[in-house]
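Student: Dropping a structure here in structure tokens format, bear with me for questions.
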Amino acid sequence: MLLLVSGVGRGGLGFLAMKRACLHSRSSHLLPQSLEYRPIKKVMVANRGEIAIRVFRACTELGIRTVAVYSEQDRGQMHRQKADEAYLIGKGLLPVAAYLHIPDIIRVAKENNVDAIHPGYGFLSERSDFAQACADAGVRFIGPSPETVRKMGDKVEARSLAISAGVPVVPGTDGPIASLEEARLFAETYGFPIIFKAAYGGGGRGMRVVKEYEELEENYQRAYSEALTAFGNGALFVEKFIERPRHIEVQILGDKYGNVIHLFERDCSIQRRHQKVVEIAPAADLDPNLRDRLTSDSVKLAKQVGYENAGTVEFLVDKHGKHYFIEVNSRLQVEHTVTEEVTDVDLVHAQLRVCEGRSLSELGLIQEQIRVNGCAIQCRVTTEDPARGFQPDTGRLEVFRSGEGMGIRLDSASAFPGAVISPHYDSLLVKVIASGKDMATAAAKMHRALSEFRVRGVKTNIPFLQNVLSNSQFLQSTVDTQFIDENQDLFIMKPVQNRAQKLLHYLGHVMVNGPTTPIPVKAKPSSIDPVVPTVPMGEPPLGFRDVLLREGPEGFAKAVRAHPGLLLMDTTFRDAHQSLLATRVRTQDLKKIAPYVSHNFSNLFSLENWGGATFDVAMRFLYECPWKRLQELRSLVPNVPFQMLLRGANAVGYTNYPDNTVFRFCEVAKENGMDIFRVFDSLNYLPNMLLGMEAAGRAGGVVEAAISYTGDVSDPMRQKYSLEYYVHLADELMKAGTHILCIKDMAGLLKPESSRLLIGALRDRFPDVPIHVHTHDTAGAGVAAMLACAEAGADVVDVAVDSMAGMTSQPSMGAVVACTKGTSLNTGVALEKVYDYSEYWEVTRGLYAPFDCTATMKSGNADVYENEIPGGQYTNLHFQAHSMGLGNKFKQVKKAYAEANKLLGDLIKVTPSSKIVGDLAQFMVQNNLTGKEVEERAEDLSFPLSVVEFLQGHIGVPHGGFPEPFRTKVEIERGKTLNIKALAVGDLNKSGQRGVFFELNGQLRSVLVKDNVAMKEMKFHPKALKSVQGQVGAPMPGKVIGVKVKPGQKVTKGQPLCVLSAMKMETVVNSPLAGVVTVIHVNTDSSLEGDDLIMEITAEE
């Protein structure tokens, strides 16, 4: 019954246990009589992270129950979840000290009937007192005997043993040095450079190279402190430092019967700060005779000390091929994985079996049968920033997606979304091991796997590793320990795009703190309510809409053409307030004045009151229904035709819609009161325009085909958009059946002379077709241009009531009425009625003061003839520049707009093409790029989506085709759609942050966002301001282990100020300038985040 329960609960452990018992009975007679085979039933790993999980997996495969230990800081770590049992150790101790607390570890082992303890690597793995404590407690130590651990852990004794075994060594001290003075004497004898090494541990901790006398004392102190923290013993010894060696190590394995084999070598030469970054098995281009000497010396040394279990003998190989013993690591190495991959030997299985009493031969591990197959490479993916000297980074993993596939092995523990990377432990995130038939194949697989990784929330060394794997020296020749230092191009890393997470952070910030774009002015809405002029009683007089309803679109067009004077379209109800007030005018303010317009301006050609940004703003900001607006205005103005903008195949949106959507939209618009459809395309792309024209015509509306104008037909030097271009396009639109021809001059580029040329040519070509002209008054020449158009044959021009005219809006209605009065172009509009109409809007405009362009813009500007920015966009860009504190850079924005336009091939700039040019311009300003730099770096830049989609042809084909070679250089990404769903905003944490949860492409994502309101009520350590000279900030998260100065003390530039410890490495923070220490904001044991203020220094006069 017990076996059955165990089997169910442990996924088949009962069966494995019975199988192991059977194997024991079959093989026990083979063991020497002096030793007993003792199966292990329960293993504790006195370690954390990926090595703990690695051992747990091996134990589970062998049917052994597993026990994890964890510190208080590791409560959420994966290794405690992977074990069958997990227990807290070191309560109240520092994070590292918990894993070094031998009595607590032994107590947990004894209380829970642990048979054996695996030490992993680091921490207690090379502590002989720990191995002895295990033996004293009756718990087996999975590793060498305590005496062997002592001998090998004592670097000086290990060196002595190597000498007695005839293994060459590097010149060094005979024992641990007792003082700095002994280090000085050694340096004087052997010369610099020298190297300090921890006498009782490895892994790069307690290791410091000293190249000159001035560095001696500081490096001695740092090496001693690191060794003490990492291994519990700060003893050091000194060696002559061999420059430019290869670091080659040999994997050995011994049993309890004196048998020792090697599993060949690994090349660990690619290092930073004496810690391995990339490991390779076997070593490339290693002379066979040298390989034989290395492996032979390793086995010889191991046999001399009676070595059992797994270990590594490490050597330096100089440029002449001579090898020098440096140390034995009496434990499993981080890089044991590559040996396993090329020899097909599971080293952890072997460790467990040897500890049980198996001989190597029983395990099938015979030297002659060990073969190397192919090549394996291991990359240590760490949470370090190579661009900042491999400084450790900490934080929360917002996103983790690994690279996998054939030939890839991953050993990890903390690599999952939501994992917290603390500053207390090693920065290793995941070990990636790639295997292939040769080094080139393995490197290719590794590069591919790393490119699949997505890690967000902390910096990693992945871009650096990719550079290493692409380096020709790495791929084609041998490398030494100076490889990283001598290849600074490895630090030129391709920026991580991180688009999705940046977007989620932005959305999360808005959800927690609200919109961030500030209003650049303090203007408040006026308190004065507008007064509506007196409206006559009764029905309004007949107007042109009555003609339309009676005679249809064709008869309407004939009536317009036959009209003797100049007709006006009033844009006050839409484009005027779009240009001046960000389209913010509410329906209620339009409804108040609508009856007055109906009674007093019945002879208007039309009222433009719908389409374009109406939909966008009504729904996003005003929370109004644009359809209801149309219906209500129609009931109040039954006699004047309504006109709207239809962006061809885009309808009233910013992208192409299905044809049936556009057709149905036009039908419903006509049913709800729309009369005239001004159809245009931002590129004058005929297929898009024809669709809109057909949809409007089939709905029964008046089709007004609009040609978007740019350039200058009066300038013979600008011939891309020549007079012939416009006349030819008009020909095509006439063939398509337009009722009215329109010139849509969105930037206000028409000058009087170009107006006469263009309108004159169209009138000559099409004498019977009404011509309608739209412009903006940005340069201040709008009235003159419209009068010139009228004189040349235009039937209708666009105007806005005086108080809503000028600048980026349309020309003044009153000015055009006054200038044509008493002429053949008389508009028939009563000037005094314009005054009353204007007065209403002047007061109404005050209600929208926070959105009024005059808050930041005091006049128009003739530079529009150079930058060609459309009126509404000119206002928006100006407003945005001031909102972002870049008002003084608006000239730069306009210049960038002109350059962006040229890069994109000199486009016609109307929504949405104008937005594309604007997006590129702002991208250039934000990244300090010139047009030339954008073109040169196009292959490497991450352009705004609108620019990429334009180059993909999403909005049509521009006149003259797409710009080359710019288009070819830009990465045209397809299928990069992000589907985002906001789920929830979490509670406030102790750091003043809230978790915001999303669903991104079906997967759960979360980001931490600071709550700005809550932060004001919470106290935090101040941050160093980079703009303030003398403020010294923490270069990385960590703990202060020493402050070396006092307030009032004079310091020199480069003088050590304090020492930080993070991830078991120490960093000295030096003074950035000479001066006097005024304030110290930290003390010993202070825990800091990156950029936390350490101290303030006043510069010397």
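Glycine is treated like the rest: Cβ placed from N, Cα and C.
So TrEMBL lists these for the protein:
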type    : residues               : note
DOMAIN  : 39-489                 : domain 'Biotin carboxylation'
BINDING : K155, E239, H274       : ATP binding site
DOMAIN  : 159-356                : domain 'ATP-grasp'
BINDING : D575, K744, H774, H776 : Mn(2+) binding site
BINDING : R647, T911             : substrate binding site
MOD_RES : K744                   : N6-carboxylysine
MOD_RES : K1064                  : N6-biotinyllysine
Student: How big is the gap, in Å, between the Cα of R647 (substrate binding site) and that of H774 (Mn(2+) binding site), rounded to a whole number?
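Tutor: The separation of the Cα atoms works out to 15 Å.
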Student: Using a Cβ cut-off under 8 Å and a sequence separation of 6 or more, which residues in the same chain sit near H274 (ATP binding site)?
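Tutor: Same-chain residues close to H274 (ATP binding site) (Cβ under 8 Å, separated by 6 or more) are G204, M207, V209.
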Student: So if I measure Cβ to Cβ from K744 (Mn(2+) binding site) and keep only same-chain residues at least 6 apart in sequence, which ones fall under 8 Å?
Tutor: R678, F680, A706, I707, S708, Y709, H774, V910
Student: Report, in whole Å, the straight Cα-to-Cα distance of T911 (substrate binding site) from H776 (Mn(2+) binding site).
Tutor: 14
Student: What average pLDDT does the predicted model assign to the domain 'Biotin carboxylation' (39-489)?
Tutor: 93
Student: Between K155, H774, which of the binding-site residues has its C-beta surrounded by the fewest other C-beta atoms within 10 Å?
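Tutor: Across K155, H774, these binding-site residues, the one with fewest Cβ atoms within 10 Å is K155.
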Student: By CA-CA distance, flag whichever of K155, E239, T911 among the binding-site residues is nearest to D575 (Mn(2+) binding site).
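Tutor: Sorting the binding-site residues by distance from D575 (Mn(2+) binding site), the top entry is T911.
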Student: Identify which of the binding-site residues E239, D575, R647 has its Cβ surrounded by the largest number of other Cβ atoms within 10 Å, counting every protein chain shown.
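Tutor: That would be D575, with the highest Cβ count within 10 Å.
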Student: Quick check for the class: what is the C-alpha distance, in angstrom and rounded, between T911 (substrate binding site) and K155 (ATP binding site)?
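Tutor: Answer for this pair: 74 Å between alpha carbons.
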